[in-house]
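What follows is a single structure, written as structure tokens, with notes after it.
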Amino acid sequence: MGNIVQFSAPYLYPFVIQYSMIAASVLFVMWKRIGKSPRYWGEEDDHISVASRKMTNYAKTDCVGASKGLFFGLLTLVVGLICLILFFVLIDHENTQVSELAVFLADLSHVVILILAILAILLGFIRVTKMKFHGEDSSILGDYLLRVAACGIIAYAIFNIIAGGLGDYTDLKNLLVLSTGGVTIIQAVLQLLFITDAQRRRIHSLNHDNVKPGRQVVTFLLICNLTMWIIFTFEVQKVQGSPVQLKFYGFYTWTVIQRIVLPLCIFFRFHSTVILAEIWKNSYKAKLID
């Protein structure tokens, strides 16, 4: 039993940090609302409540406009899982070249997923502009959590850029680490902007209800972030999987950096997946009233 706890502790540690972040944020929101006088509930509110119940009854969830995004997303997930399995199989191999191949496959799969996500986000910006913008439809708590987590993943990418750029950047390993860090920053910033915009968009015509503009992209990004969440949870935490960073920072320094920043990286991918799922469900929901 002790061996199981010791083996699983590094993987469970980030979840403790994420739980603490969510709990602290929820308690802060509760604290802000304590002592506020409730608004008087009048006859007009009763009519609004009845209309809301009617809209809820007529609302439906379907998968229209998500098939292509689902297919390519699942394909990305399968490829990512295959690379993850190969990483764990090869990383502890006695042959140094084999273990280096494991790291190369892991970094290459990560940067390819990031590039695909960037292309999807750029396409998504074009598609969601067809939908109506509602600035009041936002979650302050969700926005703050995502921004804090984005700072973590950007900081982690900067540490990687420093290690890859100030080392022997002509080496393929260093170049790949440098590229992954740069692409991560671009993807994280673009995704933050896309989520902030898309969660305030709503379909407003019958044509949009049939076409669901941008839903393919949202579906693909959802699965991409789920894939990267798995990568950060299991693959990136293995210290042997970061030889370039270990050589530049040293074992203890890089371990401390990972323990501080990695939980935020994992939370960013997890929280992005949750918000994209909410966008997938709510932004494309047609609400009709008799």
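Every residue number used here counts from 1 along the chain in the order it is shown.
Heads up, the Cβ atoms here are built off N, Cα and C, so glycines get one too.
These numbers come from a predicted model, not from an experiment.
Features reported for this protein in TrEMBL:
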- 12-31: transmembrane segment (TRANSMEM)
- 70-91: transmembrane segment (TRANSMEM)
- 103-123: transmembrane segment (TRANSMEM)
- 144-163: transmembrane segment (TRANSMEM)
- 175-196: transmembrane segment (TRANSMEM)
- 217-236: transmembrane segment (TRANSMEM)
- 256-277: transmembrane segment (TRANSMEM)
Cβ-Cβ under 8 Å with the transmembrane segment (217-236): same-chain residues at least 6 beyond its ends: 11, 14, 66, 69-70, 72-74, 76-77, 80-81, 84, 87-88, 106, 109-110, 113-114, 116-117, 120-121, 123-124, 127-128, 191, 194, 198, 242, 258, 262, 265-266, 269-270, 272-273, 276-277, 279-280, 283
For the transmembrane segment (103-123): best-contacting stretch of 12-31, 144-163, 175-196, 256-277, by Cβ pairs under 8 Å: 175-196
Top Cβ-contact partner of the transmembrane segment (12-31) among 144-163, 175-196, 256-277 (pairs under 8 Å): 256-277
Distant-in-sequence neighbours of the transmembrane segment (144-163), which means Cβ under 8 A and at least six residues beyond its ends: 21-22, 25, 174, 177-178, 180-182, 184-185, 188-189, 192, 195, 244-245, 247-249, 257, 261-265, 267-269, 271-272, 275
